[in-house]
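Student: Just lifted these from TrEMBL, have a look:
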SIGNAL    1-27  signal peptide
DOMAIN    330-424  domain 'Fibronectin type-III'
DOMAIN    429-524  domain 'Fibronectin type-III'
DOMAIN    621-732  domain 'Fibronectin type-III'
TRANSMEM  736-757  transmembrane segment
REGION    945-968  region 'Disordered'
């Protein structure tokens, strides 16, 4: 143990002696220490530039030295960076070094010092650090001015994804300052009371104009900001390649990649460097650059392409042999010669690439937009190729390109040229079909033909020749010429058989003929129609093979069956074919298409085999029938829709549904309940026969309200559920009443019509017109010699027959047993001589009763007067005497009759006494003479009139009546 203690003490003493010796050596100044240290700043790039020199170094002496640099921030003890800088130092050389600060230099003070050491093998004893130089202080804040708020750095350029430090410097004592990045507040770190910094990590590119950052004093107007320019990362050029087209110039191209987004603030450049020649060129374009081939025929080239901007540099390399990068130019002067119906010779020229280069040229021939021939030809200067197997009157396009035959690099561009072969006669007969109709004893044939294809026509078709031959009269020929591009014509023929030949003609010749025979009786009515179902690919049709010789089949249909022009289509099939698929872009869903299948006999006569009809896609019926209701009774009514066409519907109609609504909601046998789309419940009757278009709805209740709807149905659905029709059934007794009332109304109307037609006869029988004395036929019996125009009788011209005096007893106090009133007597006024046969004088009365009604007038009758014998009047020979006598007798008679008990009635000369009074008349009364019509008769009260003393012959008769007497 003692030995170990002694050994430990000895080791420690030796170590202390060594450290003391080393300290003494280091304390000695190094002869090559850094001196004259100067520090400058670059605010744009936020860099510190250091400059110093090494003294005591011989003029021609060179030493490899290491300089250790230490940088502090805010204070010397706050060291933020320590690093070494190695370089070879020459005598009297001024050394430079730069350091970029992440924190803007304006935001804090910086202190820099350095020391050196020799790192050279020639002086191994000088490998110790020198003393530190004195601290150099850098304070940019002193030069910022007196603005209250500043933000740094200004207009800084960084790459996308970089970390950036932002700071602000405030001159005020207020610390309530907020900073924002694109409107979002940032959280920072305070360096001193007036300075704060903000660290931004992984910044992103926002826009070409930069990212906005600003700081402002809370509750103040001071606001300052900066723009941070963020660039996208410069990409390495892609697809760098070089080639020559004439062995004189190399053309190098590349893909520069995406744009950095800051072309104005951060321009980028491209440099091309060739290492074998040591030449370098600055490219004027960012995606290509030209390089002149060396005149000494340099074969190998090694290029370096460098893309760089202020922030980054990228490079790519390429090594190649010039002979392997030859890209020939496009051939030129392409021509065609010796062009015939099926052949053509093609020639072209190529650009020279030297005597030792052979080009391989590729030729492609296009027809109808696709490649039909390919050929390869070796060429040095001129090329030639014969193209064969061509079609007549066909336009072709040929193109040619060339490449290096020995070392293929790239094809040249294509050079294209068109040419057309010459015409030939049409090679195929036209595809012909017909439509035959019988009109007024004639056969109207419409011929159709399809235009020949370009390969069949061999040129432009100019016209079609049609030859019609009557088979019953072979000598009868008819020639028609139809100019192109017509594809139909119409012929009117007799009811006989005709052979029709159709040929197409161009400028060179005529096509083979298409032959068709038209028979007078097509016999198409005996074939029944069959339904077929279409698919997306079309209609699949099949038919039974026909026995005997047959040359083929034809299927006929219309692309537009609803169009009057129809657009007739047909398809010829081989004789051993019994099925086909008919497809057309014109087929539409919901349209019925009709197909006819014809067989062609060896005599070229078409005859109908089968009829088929169908839809490419069935749709639900589009409309409902128009229903007519009839035979409405209290228990039933009849529905009919006979004018409903099922042919125009978008599917095959399989039947009809009759919907019936009622308040009771009960369904009778033969119907079922159905729920409509509006959740209403009704009864549904089903009609399975589409030809049945009448239906009787029965089992109804009298005086009930019903609604009905008739809709068709097919395999894909039924017609639309539109508005229901309303109907109300009558009561049970209404028909009986109608059967009774209608005949009565008819009889009444018939009677009214007969009465109207016989109105004149009824008037004459029931209420004849009152006779007009001025129109009386009696006037014609009086013939006055003195006045032949006399129409009205005077009193002297007529003698009255009789005057009846009627005694009338008034009052109700008479006893019913009193003797019956005396029968009226008559006063006869007769001519003086009974033997007088001529028209003698007669008395006429003016009768106002015909014009105005008397107060108590009764029916027309006799005029009673006081009873006197005819002898009492005597024979009056003159009208004056007669009047005088009449007046006297009338006055005397009236005086004898009490007032109110007598009235004066006038008895017509032509009227006979009433039947009830015949017994009171004389047995043989004198017959009155015919006289003229009556004059007006006037009744004057007794107290107001007196007999006239005038003896005028025209004096009218006056009858004086007391009050209470009645005049008729």
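Easy rule for this one: first residue shown is 1, then count along the chain.
Glycine is no exception: its Cβ is also placed from the backbone N, Cα and C atoms.
A quick note: this is a predicted structure, and the numbers were derived from the prediction, not measured.
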Student: Just to be sure I understand, if DSSP states are collapsed into helix, strand and coil, how many residues of the domain 'Fibronectin type-III' (429-524) fall in each?
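Tutor: Tallying H, G and I as helix, E and B as strand, the rest coil: 4 helix, 53 strand, 39 coil.
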Student: Quick one: average pLDDT across the domain 'Fibronectin type-III' (621-732), no decimals.
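Tutor: Taking every residue of the domain 'Fibronectin type-III' (621-732) together, the mean pLDDT is 91.
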Student: Tell me the residue counts in helix, strand and coil for the domain 'Fibronectin type-III' (621-732), as DSSP assigns them.
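Tutor: Looking at the domain 'Fibronectin type-III' (621-732) with DSSP, the answer is 0 helix, 47 strand, 65 coil.
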Student: When the domain 'Fibronectin type-III' (330-424) is classified with DSSP, how many of its residues are helical, how many are strand and how many are coil?
Tutor: 0 helix, 53 strand, 42 coil
